[in-house]
Amino acid sequence: MDDDNEHTPLRSTTHSPTSPSSDEYSESDLPHRSESSPHLVLLPQSEDSLFDIPEDEDTDEEETSEQSNLATPPLSPSTVLLYLFSPYLRLGAFSILSGYTPIQFGVPALVVSAALSIFCRQIWFLQSRYLRRSTTKDILLDAFAKGRRKRKLRKGLASLVSALTWVLRVLMAAMYLRESTSALLVCFPSGTPAALVSICLALVAICFSLTTSISSKSIILVTYLSAASFLGWLVSAALAYARNNLTPGGWSQQGILWNGITSTMFAFTTASTVPLSSCLKSGRQASYGPKPDKARSRSFVLLSVLSASLAACLVMPLVIFAARPKLSEEVFDGTSVKWMAILKAATLVLALPSIVLNAPAVHMPGRMYPPLRLPLSRLATCLAVVAVALVRGGVASTLNDIMLFLALAGTYFLPALTHITTHYIRRPLSIVVPTAPGRQQPGSPYMQPGSAPGGSGSPSSSSPSSPPALRGRDPHMRAPSHDVLLQRKEKLLQRRRLGKRLFWDFGVWVVLLPVCGGGLVWTVGRIAGRF
């Protein structure tokens, strides 16, 4: 229930025969209105909440409407499961084998990372339902820059979110391309230029990256092939481990922030959770209508849990291999190493199109678009990926560390901070219960029917500024039981949801303080050389 003194102009509410206020006003009370005319009530609202009107976001929506429509096409549950599942089986999983990690640390890190991934995905999903937004960018704008007085802040935050997302995608794709090149060099004669191999692999990825939507059959196909190649690599790794022929890599080439625990957490980083939930909803509405039943409405949660659980089961052998390395030069098999290198490179290269496709568009001048309507923004992103992938040495390690930090912060820190901001700092979305006669609060916009602020009780003394729909009514027309009934229903609903609210709030604070706070302290100490 809202007790703010500020209020907005009159709004209409639908006259429902099942609502508690449906019999509140009689026909004689408003003789000049038709039967279909809605009742007018005065809703208390803060000044900033006027920004809820859709017209306040016209400028942002005009700039990104086409991109938003392409980002949330209707998708089937199997396709959504593929997009939720495949990111787990990529570079993060390969990085687990880059060095030795004791099993007493590796297994708990795997379980905790999978649980945190599911939890943070659910936080994004609940935020999208609560705020009714279909992209992560819109959720962040509503959480941190909502209000008429924050238009400049909103515009600046939108640019910052797009820029950081683009940088993360480019750095991640560049690292994928760099690692696939390093893995594939063992299949070529010594002295083969790494830049030439990178460019050839980039051309293969660009051919699939020029599509317009994640619902494209080519994108779905290469994503399936990427997951299948990882499964083939996992089988080859298990056979090589059984033959004492599994060659470990090294974290020193990736950066100072990379180790067994951070690699495991990076393996379970997520992206595009909110767009995928919107895609699933669009596909469900296209198949079942605008009002799906309760079981189907929970399918995204099921898909999220299923994808993370399957990925954890597949990554578990890698944690065991890293904890108990076995390597014998006497049984070294060059063919097995080359086969694993090919499968690893295929997994990473085939994952590039989905990464590039989800990168924000680079704004290009309209005159630069040729008649063939080539996606110059996508091409610019691909060129940036190739340029960054050609960087080697210490600069590449620094870029890998930046990418790791952005990926972990976007997966674990950002949803927790958004949840706390939305539910603890910003004004919540609430049910407004009108004040009953005899319980009028000072300064409340709900004036007693037939009374004025000055204290006169006659209808003729009503304030000229009071709404016409609230003048001249019988003081006994509104029964106090209506307000009491609404309050009882609201309190009952809040009690039912109290356990869930406490669970999510407690979990969010755990993610924000021990996990993210401890990780930030470790990162600073690692950079400073203390750890």
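Here the Cβ of each residue, glycine as well, is placed from N, Cα and C on the backbone.
According to TrEMBL, the compositional bias 'Low complexity' annotation covers 10-22. Summarising the annotation, TrEMBL assigns compositional bias 'Acidic residues' to 49-65. According to TrEMBL, the feature compositional bias 'Basic and acidic residues' maps to 471-481. Marked as region 'Disordered' by TrEMBL: 1-73, 440-481. Residues or ranges marked as transmembrane segment by TrEMBL: 103-124, 156-177, 183-207, 219-241, 256-280, 300-322, 342-364, 376-396, 402-420, 502-525.
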* So which of 219-241, 376-396, 402-420 is most in touch with the transmembrane segment (183-207), counting Cβ pairs under 8 Å? -> 376-396
* CB contact flag for the transmembrane segment (502-525) and the transmembrane segment (300-322), at least three pairs under 8 A -> no
* Does the transmembrane segment (342-364) make contact with the transmembrane segment (103-124) through 3 or more Cβ pairs under 8 Å, each pair 6 or more apart in sequence? -> no
* May I ask you to check whether the transmembrane segment (256-280) and the transmembrane segment (156-177) make contact, with contact taken as at least three Cβ pairs under 8 Å and only pairs 6 or more apart in sequence counted? => no
* Recorded stretch, among 156-177, 300-322, 402-420, maximising Cβ pairs under 8 Å relative to the transmembrane segment (219-241) -> 300-322
* Where else in the chain does the transmembrane segment (300-322) make close Cβ contacts, counting only residues six or more beyond its ends and a cut-off under 8 Å? -> 77, 80-81, 84-85, 88-89, 93, 96-97, 99-101, 103, 106-107, 109-111, 114, 117-118, 121-122, 125, 231, 234, 237-238, 241, 246, 248, 260, 264, 267-268, 273, 276-277, 280-281
* Structure fact -> Long-range Cβ contacts under 8 Å made by the transmembrane segment (376-396), restricted to residues 6 or more beyond its ends, are 166, 169-171, 173-175, 177-178, 181, 194-195, 198-199, 202, 205-206, 209-210, 352, 356-357, 359, 361-364, 368-369
